[in-house]
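Per TrEMBL, these features apply:
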type     : residues : note
TRANSMEM : 45-66    : transmembrane segment
TRANSMEM : 87-108   : transmembrane segment
TRANSMEM : 154-175  : transmembrane segment
REGION   : 230-254  : region 'Disordered'
COMPBIAS : 240-249  : compositional bias 'Basic residues'
TRANSMEM : 296-315  : transmembrane segment
TRANSMEM : 327-345  : transmembrane segment
TRANSMEM : 357-377  : transmembrane segment
TRANSMEM : 424-449  : transmembrane segment
TRANSMEM : 461-482  : transmembrane segment
Amino acid sequence: MAIGWMRRMGGVFGASFLWLVSLIYFTQGFRSFVWTAVSYQMKDILKLSPSVSQFILSAAFFPWSIKPVYGIISDCIPIYGCKRKPYLVIATVLSLFPWLVLGMTSSLRSSLNFLTALLTLQNLGSAMADVVIDAMIAEAVRSERAEFAGDLQSLSWLMMAVGGICGNLLGGYALSSLQVYSIFLLFSILPSIQLLSCVLIKEVSSEIPGIEEQKPKNYGQWKLYSSSKNSLGNASKSGPLRRRNRGRNHGQNQIISQENVNGKESFYLRCYESLRSAIYSLFHAFKKPLILRPMAWFFLSHVTVPNLSTVMFYYQTEVLHLEPSFLGASRVIGWLSLMVGTYIYNRFLKRMKLRRILMLAHIGLGVINLVDIVLVSRLNAWFSIEDKYMVLGGSAVADAINQFKLMPFLILSGQLCPPGIEGTLFALFMSINNLGSTVSSFYGAALASALHISSNSFDNLLYGLFIQLFSAFVPLVFLFLIPKEATGLASEKSPVELFSPTSS
């Protein structure tokens with residue numbers, strides 16, 4: 001059945017396109033293989049404190065918060081007439097270059113400033129590639145191939161999940177037997193293959209006319225006429241005629257030069273107008289209350305809760321002495337539970353009101369915080385529960401609950417996107433979600449620094465976890481921003497009706 005499904009997809013989209021989509025999404029999931037090594041590089045080699053490490057990681061992931069910028073630029077400014085292939089090549093190079101440098105240059109790998117800059121550059125390339133491939137998928141399923149949109153999206157998520165499972169599983173074991181720089185170089189194989197695979201892309205030139213299209217229709221006839229006149233002048237050896245030809249040629253060259261200048265000005269003007277129109281449409285749509293209010297809730301649900309994941313990573317490795325292979329396996333459990341969470345949501349929760357789903361999700365996140373509190377306070381030792389089981393259980397349940405929160409976000413974003421700018425506005429919604437996560441990580445880093453948590457001192461970590469626990473319930477106060485009648489299914493009401501006075 002799976003082979004038949006892939007053959008049918010290959011017949012519709014082409015094997016080369018499916019290969020590129022699968023490779024890029026697999027690489028996005030497999031990034032956990034190398035980012036685990038980055039965490040150990042900062043902890044063991046650079047000897048950074050938990051707060052500093054989390055601050056650097058938060059800054060490095062900021063490019064994921066401005067994804068609409070890449071989408072608008074690639075849509076409005078074609079390179080050599082193409083909007084996708086050149087930008088995918090640029091993105092892949094930006095993804096590849098930092099890992100090669102970090103793998104081959106010990107001094108840059110050990111420099112905090114250079115490490116931060118290279119990691120940020122790498123995330124810029126990965127985020128840009130994500131935007132470009134999403135745009136290519138959207139273009140591929142237009143018109144008669146729209147019925148395969150779900151299949152193509154399923155393939156994307158499947159390959160990302162497979163990449164995440166493989167990356168986490170292999171990343172932990174790789175750290176047990178390889179040096180960090182070797183892991184950087186090994187991972188660079190994937191973006192290298194991705195760069196070579198860009199050759200498979202066949203893209204039609206954009207509709208924005210280039211300089212060649214600005215030339216007059218009779219340009220070819222005039223060129224032939226000019227050549228014959230020059231040949232005649234050379235054959236006759238007539239001085240006055242040559243002077244007349246030179247004067248004529250000089251005037252005609254001036255005309256062509258002016259036409260080239262006008263062509264360039266027209267091209268840049270069209271790009272500017274396209275950029276301005278896209279930005280105006282985007283912000284005009286986003287400032288509407290029916291779009292702004294739900295997005296404000298999702299942003300607040302992140303920024304009000306401090307993220308202490310890096311601090312807990314330090315605690316698990318420095319105090320509990322958990323091995324990299326085990327931590328990698330625990331994240332594999334997290335990926336599997338994410339799939340289970342998706343199934344549970346689609347099977348049992350999609351008809352539930354979004355407000356109730358989000359309320360239950362945050363209550364569940366509070367329960368997960370209690371698991372961390374029990375682990376740090378060592379209460380689990382009183383009941384003879386091993387630390388590994390606590391970590392595995394917490395990781396599995398946390399990822400499933402986070403999926404309960406992410407699914408309503410994706411569904412509501414799809415319902416609110418107005419026609420014409422769906423792709424760019426949806427990218428903006430995802431960027432808001434990413435920006436909220438980044439601000440939450442900065443908040444967690446500041447909290448860890450204020451509590452004087454270090455690699456050698458976790459005495460105040462319990463206070464931070466209690467703050468995280470109580471903060472998890474703050475977003476519940478703002479649930480009125482979510483449409484009251486919205487459910488996990490595509491609503492039968494329009495977005496305007498969802499925000500009518502009787503529904504709020």
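Going from the start of the chain as shown, residues are counted 1 onward.
Just so you know, glycine gets a Cβ as well, placed from its N, Cα and C.
Counting residues 6+ beyond its ends, the transmembrane segment (87-108) has Cβ neighbours under 8 Å at 34, 70, 73-74, 79, 114-115, 118-119, 121-122, 124-126, 128-129, 132-133, 136, 181-182, 184-185, 187-188, 191-192, 194-195, 198, 201 in the same chain. Beyond its flanks by at least six residues, the transmembrane segment (461-482) meets 293-294, 296-297, 300-301, 304-306, 308, 311, 315, 354-355, 358-359, 362-363, 365-366, 369-370, 372-373, 376-377, 412, 444, 447-448, 451, 453, 504 of its own chain at Cβ-Cβ distances under 8 Å. With a cut-off of 8 Å on Cβ pairs spaced 6 or more residues apart, the transmembrane segment (424-449) and the transmembrane segment (45-66) reach 3 or more such pairs and are scored as touching.
The highest tally of CB pairs under 8 A with the transmembrane segment (45-66), across 154-175, 296-315, 357-377, is held by 296-315. A Cβ distance under 8 Å defines the sequence-distant neighbours of the transmembrane segment (357-377), meaning residues of its chain 6+ beyond its ends; these are 301, 305, 312, 315, 349, 387, 390-391, 393-394, 397-398, 401-402, 404-405, 408, 458, 461-462, 465-466, 468-469, 472-473, 475-476, 479, 482, 488.
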